[in-house]
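Taken verbatim from TrEMBL:
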DOMAIN    78-405  domain 'Aminoacyl-transfer RNA synthetases class-II family profile'
BINDING   149, 150, 151, 179, 193, 197, 339, 343, 344  L-histidine binding site
């Protein structure tokens, strides 16, 4: 029990207490211990310099302070998330899967600041991402933004290294991104994104390798080609169709952004936007969408664009490589997939839930001219390809399929000192076990044996280690194997 006083220091009540547990002599003797309590008198002492001091028995309260200090809003800002320990276990598991796949493909990890220069993300192609920036002027008068994606930051690093960067470079990152957008299932205003990028490879072999990594991750998570598909296209397909319909090259980037909305908006709205925002004649807008809809397969594409089409050659080569990798059944040719970011130049792809319940799981492609758009004249021709894979949608899909793992809090050992004077010994034992690589929960307060067993069970511990007076006097501790339900007295120095 506690004997204590509340001492008002600077207007704040501070408890002082001492506790005297009963003596515990041996682990092997059955006994029950509790802390005996003496009556507590609670007094307040006026701060130094006060005219009068007053003594109160009971709870100290200040109604005025309660009124002045109202409860804050405990929810995070709209569109963001808290990660409690159980949430962090899931997040760390998923990020570990991202990293494991990346490293199995020989990629190296990088990172960049969440806060970047606004110029890195502001482009003039009508992209939604530019309108969704969390951007502001800092105290130094600089325009900055919270990154909405990772690829421009990667491009900045490539430009920073310049010709000293050995090519090809294979890098990956897992970073937080911010977009002020309308929230739906799996879409928040902040999310974490796994990116893999290949710098310096011209052929579609780069895209084939990246797609293999996406499939490898999905398979590790327990998903198959019946759960997830990957729509594949080339920006060059749209370029060829646009040329055939008399659309000027300067309208290409804006048209791509609008066509990318075909899976989100009705056709008539997309057609209307092509006229109003991209400046296409109504007849051209209608015929363009009809032409894309008629390209249902690669043979249809070959017939429409001809056998010498670069787009046809790239896509046929990609599907050939996919067959070699063993993931061809995951791919679906879809000419409406162009990705909404203006910097894509060739192959583009997008992972989707075949049940149609969720938005895209991932997306990527080739972006050979991104460096040039950022002012990198010497490096503007460096070929680049990559993808982004968000954390929110994949968790929703795994939850729906019953594939989320159970990730309880676990430790190897729970160490319990059974007497106050044995706490230094228990602390030394816990430290030695931790240095040996074991995770150890050291009980820091006097607790009953029943509590100790329940606590070890809750932590899914392998062993409960009891430091008792008689055993420690012989240089031993009692070790209970919680899986085998066996208990033995073991020399403390031999415990590992």
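The backbone N, Cα and C atoms fix where each Cβ goes, glycine too.
No curator has checked TrEMBL annotations; they are predicted automatically.
As the structure is a computational prediction, the values presented were derived from the model and not from experiment.
Cβ neighbours within 10 Å of residue 149 (L-histidine binding site), excluding its own Cβ and spanning all shown chains: 17. For the binding site of L-histidine, formed by 149, 150, 151, 179, 193, 197, 339, 343, 344 according to the record, the largest Cα to Cα distance is 21 Å, rounded to a whole number. Its own atom aside, the Cβ of residue 151 (L-histidine binding site) has 21 Cβ atoms within 10 angstroms in the protein chains shown. Within the same chain, residues at least 6 positions away in sequence whose Cβ sits under 8 Å from that of residue 344 (L-histidine binding site) are 235, 256, 338, 365, 366, 367.
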